[in-house]
Amino acid sequence: MWKLMNRSASSEYEEQPEDNLLDDTEGLCSLSPLQRLYGFAAGLAAGLICMLLSLIVFVKPIKFALLFTFGNVLAIGSTAFLIGPRQQLRMMLDPVRVYATAIYAGCVLLALICALLVHSKILTIIAIICEICALIWYSLSYIPFARRVVSDLTIRLFDTEI
């Protein structure tokens, strides 16, 4: 108690900057490179385990959708350990991949709605297929020229004109 009173009395004469919890996020959330790597590995491993477990319950599309979607979100979220959540969000909302991010997030939401609320196996399977395609397209946005190559290849393979 004495230290508290002494501190408050001395603070009247000295102007000290206010500690704001939101301003000092680097100090609160700073992890060592090894801790970041462990967090990434744990998140990625948990995501991959969920995706592999979802294959076991493949015959039950609703359980499959829940495990697979949760695994996808964990795997993508694990990269936030490497680059930080703010940088990951900036990269996801980058003009180059904002549409891919929105489509992927929409497909994840659609798969969860079909599995949890609608309870339709056929719609859940369609939503999961869309989610996988959106995840591939989103992942390709991080590789230079990959989406262009895949687009050109798809046009060449499925072009009906001779």
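Quick reminder: no glycine exception, Cβ is built from N, Cα and C everywhere.
Under the heading transmembrane segment, TrEMBL lists 37-58 (among others).
If you look up TrEMBL, you'll see 64-84 (among others) marked as transmembrane segment.
According to TrEMBL, the transmembrane segment annotation covers 96-118 (among others).
Taken from TrEMBL, the feature transmembrane segment covers 124-146 (among others). Distant neighbours of the transmembrane segment (124-146): 61-62, 64-65, 68-69, 72, 96-97, 100-101, 103-104, 106-108, 110-111, 113-115, 118; these residues of the same chain sit at least 6 beyond its ends, with a Cβ under 8 Å from one of its Cβ atoms.
Here the transmembrane segment (96-118) has long-range neighbours at 61-62, 65-66, 68-69, 72-73, 124, 126-128, 130-131, 133-135, 137-138, 141-142, meaning same-chain residues at least 6 beyond its ends whose C-beta is under 8 angstroms from one of its own.
Within the same chain, residues 31, 64-68, 70-79, 81-82 sit at least 6 positions outside the transmembrane segment (37-58) and bring their C-beta atoms closer than 8 Å to a C-beta of that stretch.
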